[in-house]
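Here is the structure we will look at, set down as structure tokens.
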Amino acid sequence: MEEAKHNEAEEAQGIEAREAKQIEAGETSRSSRKLITFEPKLVINKGISVLGFVLRLFAVFGTIGSALAMGTTHESVVSLSQLVLLKVKYSDLPTLMFFVVANAISGGYLVLSLPVSIFHIFSTQAKTSRIILLVVDTVMLALVSSGASAATATVYLAHEGNTTANWPPICQQFDGFCERISGSLIGSFCAVILLMLIVINSAISLSRH
């Protein structure tokens, strides 16, 4: 009787051990499946964050470069017909001054946002800071777009003039000035495109949380 009880106890222990192993194996397989499905999502989130950082870095060069190019633009020429020295600089035109201010503000913000963007690369679960960046990114996009649009009208008048209003073009005399403000305008519109991509990138990143 004692041997039978002993055998039954051993069999019960064996059954419990097998059940424990099966449960452990099931949990291991479930955790491995979670790991397999989690890793691609983590890689994609990090990739989106890295792309956002790169876009911000290029946008910094676009905005600050445009502001510096426009803000240091001036030219002086001698009018042979009137024998006077003619001068022109960006501050003579309010739209160009607004252009410089808009790009400078946006460039300063983008520089300050770079550390936050780096933080998002290592902390893919951050949500509040992403919402703040998305809102401010949209405001900066509107600011730079308005500055570039306002400057475009002035640059066009400088090149083509307006015969109806009797405004002659000035680029025939101030060709260096016009070339520089035109180049600055191109850089600013490139920054507008980059800011649009940044907003889209931020929205996609936020939607994945």
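FYI, residue positions are counted from 1 along the chain as it appears here.
Every residue, even glycine, has its Cβ placed from backbone N, Cα and C.
Topological domains recorded in Swiss-Prot put Leu93 on the other membrane side from Ser207. In the structure as shown, the Cβ atom of Asn162 (N-linked glycosylation site) sits within 10 Å of 11 other Cβ atoms. Secondary structure at Asn162 (N-linked glycosylation site), taken from DSSP and collapsed to helix, strand or coil, is strand.
Through the fold, the transmembrane segment (96-116) approaches residues 53, 56-57, 59-60, 63-64, 66-67, 70-71, 73, 90, 129, 133, 136-137, 140, 143-144, 146-148, 150-151, 154, 181, 184-185, 188, 191, 195 of its own chain, all at least 6 residues removed from its boundaries and within a Cβ separation under 8 Å. Non-local neighbours of the transmembrane segment (50-70) in the same chain are 90, 96, 99-100, 103-104, 106-107, 110-111, 113-114, 117-118, 120-121, 144, 151, 180-181, 183-185, 187-188, 190-191, 194-195, 197-198, 201-202, 205; each lies 6+ residues outside the stretch with a CB under 8 Å from one of its CB atoms.
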